[in-house]
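Inspection log for the structure reproduced underneath, given as structure tokens.
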Amino acid sequence: MDSTLGLEIIEVVEQAAIASAKWMGKGEKNTADQVAVEAMRERMNKIHMRGRIVIGEGERDDAPMLYIGEEVGICTREDAKSFCNPDELVEIDIAVDPCEGTNLVAYGQNGSMAVLAISEKGGLFAAPDFYMKKLAAPPAAKGHVDIDKSATENLKILSDCLNRSIEELVVVVMDRPRHKELIQEIRNAGARVRLISDGDVSAAISCAFSGTNIHALMGIGAAPEGVISAAAMRCLGGHFQGQLIYDPEVVKTGLIGESREGNLERLASMGIKNPDQVYNCEELACGETVLFAACGITPGTLMEGVRFFHGGVRTQSLVISSQSSTARFVDTVHMKESPKVIQLH
């Protein structure tokens, strides 16, 4: 993939974040999502690529979405043959969440961001809109903790890997009734729990950075966001495992289908032969090159949110690549009026 693509996808998430941030605190989560989708689609369609959405968003709550299978990029146009050389063109798979944490935006809460991951065709796992059991941990614990182990066992391993006492560890868990026993087990083991209402992509990624005071993500969340988290952790060298949840009784909702049997049939129709398989980040994001980008909508652990000022907007983004050992935080001032105004603080 072209090295300039990293800069292009930063602009994609920036535009989505800016559009969504205008609806921060207005209680309109679907509108905040809709404008982010439209802004993301518009910017992606200006990139010299043939992209295909393999992880979309919005299916669970019938919100607007960049639908699975949608093609984006200049080279998907009908007249593309005149300016896109097929011999030089790389087909790209894209996983998106234009507004990760729609409720967070709607109610003015921290932790929402616009995110996407890209790889060459076939490089990202096309996860169904199911739930996924997840385990994320820092690079030092990669291959040592395991999703099949209990939370208590993993905390002991994590303590050894990080050279910290269990009491110093902080585990992020989504605040859901299904996690009642998990939360109690973590607390009984001596670790601390940080409950979040939404936005587990940010929590997963934060495990890979020192100084965030987040040492693990545990529990069940959405599978599509699991693939995006895995792409980021693949780039960062962190630990991520995911296992699809196909039994509605596990999460006590009907959001993943009416029956266990029906869900198993759906997975089989998608070519998933072992529904109980545990995937690591190299399997969920298996491409030779994986790029991840995010832009804060509201303030979060890693990035500031969008800040509006007279004459412009300021954003903070993150871009990482599996091909390099760098995580670039990009602070951008978008000047909107003349004379140009740059606000530094």
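Backbone N, Cα and C atoms are what each Cβ position is placed from, and that goes for glycine too.
Record check, Swiss-Prot: substrate site residues include E100, G101, T102, R176, P177, R178, D198, G199, D200, and the candidate from Y67, Y131 also listed there is Y131. Per Swiss-Prot, Mn(2+) 2 is bound by D97, E100; the candidate from E225, E249, E261 named for the same site is E225. Closest in space to G199 (substrate binding site), of the binding-site residues given as D33, D97, E100, E225, is E100, taking the CA atom of each residue. R176 (substrate binding site) sits 17 Å from E225 (Mn(2+) 2 binding site), counting Cα to Cα. Each of the binding-site residues D97, T102 was assessed for Cβ neighbours inside 10 Å, and the highest tally belongs to D97. In the structure shown, the C-beta of R176 has more C-beta neighbours within 10 angstroms than that of any other entry among the binding-site residues R176, R178. Long-range Cβ contacts of E100 (Mn(2+) 2 binding site) within its own chain (separation 6+, distance under 8 Å): S112, M113, A114, V115, D198, G199, V201, S202, E225, I228.
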